[in-house]
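Annotation source TrEMBL lists transmembrane segment at 77-100, 107-126, 142-166, 187-207, 213-233.
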Amino acid sequence: GQRSEEEEHHSIETFSFYLSEPLSKERVEAFSDGVYAIVATLLILDICEDNVPDPREVEEKFHGSLLEALSEYGPNYLAYFGSFVTIGLLWFVHHSLFLYVTKATRLMGLLNILSLAFIGGLPLAYQLTSEFAEKSHNEIEAIQVSCVITFFASIFQFAIWTTALLNEEETLHAFARYGGKEHAFMFAKLALYPCVSLGAFFLTCLLSEFSTAIFHLMQIVIPFAFLALRIFVRISLTAIKSVMSLSRRKVVLLEEEEACLSSNETLS
């Protein structure tokens, strides 16, 4: 039979896709935590499978010294800890982000999936950075791939924050909105990884001989940068407020002087 116009209109509305429609925040967080947990597990599985010395090799090659045998895999362990710290800090930023988000939308869910897609590539980045010979062309390209993966994993988190700011009255807590108490700190926290990874990528292109040192320095510096970030943001905000207050005082003094001059002219 033929459908009525109301039924057709209802069916079109049911199957239409609006990016601003609400999405379950709890399910987004649960799915994200599962992906982060699996990615972190894959890292340690790679270590246990490929970077554990064989007992015969320890006896024959290293004269029974396990520490000397483990020192041969030092770059692999360093790459593992750096990748694990990167995953942990990105999870921490993700947790802080959705702590301030009161309502998720479909666009935020889509951006979150894109971020998780690159998070899932971090074990690949770990394998690439520890696979090739030191200071070889392949190692430099592997480090650049790792920087690109980290950049896109973090820039999509920043895009989620930007999307939440577009409808901040509905999607964000009051103290995290533009001009709120935690807005500047959250902005700096989300911008840290994209800026540092992009800067490391260009530095490895310009200074290819020091690409390994630059990459490991980035992985070491960022955790300390997160610790010092709140202090830096507070100092910056106090400095901006003091400059603004000084400029306002100057404006007030100028207005008072103009008022005094105009009053003297009227009296004369």
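Cβ atoms here come from the backbone N, Cα and C positions, even for glycine.
Remote same-chain partners of the transmembrane segment (142-166), defined as residues 6 or more beyond its termini with a Cβ less than 8 Å from a stretch Cβ, comprise 86, 90, 93-94, 97, 100-101, 105, 107-108, 111-112, 114-115, 118-119, 121-122, 124-126, 128-129, 131-132, 172, 177-178, 186-187, 190-191, 193-194, 197-198, 200-201, 204-205, 211-212, 214-215, 218. Among the recorded stretches 77-100, 187-207, 213-233, the one sharing the largest number of Cβ pairs closer than 8 Å with the transmembrane segment (107-126) is 77-100. Sequence-distant contacts of the transmembrane segment (187-207), counting only residues of its own chain at least 6 positions beyond either end whose CB sits under 8 Å from a CB of the stretch, comprise 89-90, 93, 96-97, 140, 143-144, 147-148, 150-151, 153-155, 157-158, 161, 214-215, 218, 221-222, 225-226, 229, 232-233.
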